[in-house]
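Worksheet: the structure to be examined is printed underneath.
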Amino acid sequence: GIVLVAINPYEQLPIYEQDVIYAYSGQNMGDMDPHIFAVAEEAYKQMARDEKNQSIIVSGESGAGKTVSAKYAMRFFATVGGSASETNIEAKVLASSPIMEAIGNAKTTRNDNSSRFGKYIQIGFDKRYHIIGANMRTYLLEKSRVVFQAEDERNYHIFYQLCASASLPEFKDLGLSKYFCL
């Protein structure tokens, strides 16, 4: 099948707006320029036509924007399925992102906030192809980073956040004082 390769242009481009979603909606793959919305439209059409589950694999280097690409695909599904305003599914599915980033992101030589997680996002649709729910599973990819990091890199952010908060009264309630940063 088709694999989406994320490439971060390092600047905001107006290629993910609502009008672009509508431009790709209903089009056949290859009729328009390659785009995440073209891949999402193809998966959406095949799901509706064949009544079979579909998968989109997003690949790319560290910092390429794979997580952001997944958000754009969810926005596309919510918009073409008519459920964007009803459910705000993109926000709900990714609501845990700041917590997940604190626990699973690290500073690498190429990216200050590099996710060390693989993400599997499963989106559920009803019989009218409206999004009815979703869940996100995460897989820790680099356990070695817990005990070792390369020069100019930094461990998972959560360790630094816990150290920075060690003097706060709430920290004692966590029961970590004897193990952490003291």
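Heads up, the Cβ atoms here are built off N, Cα and C, so glycines get one too.
Look at TrEMBL and you will find G60, E61, S62, G63, A64, G65, K66, T67 tagged as ATP binding site. Counting every protein chain shown, 16 other Cβ atoms lie within 10 Å of the Cβ of G63 (ATP binding site).
Taken from TrEMBL, the feature domain 'Myosin motor' applies to 1-182.
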The one of G60, G65 whose CB sees the fewest other CB atoms within 10 Å, among these binding-site residues: G60
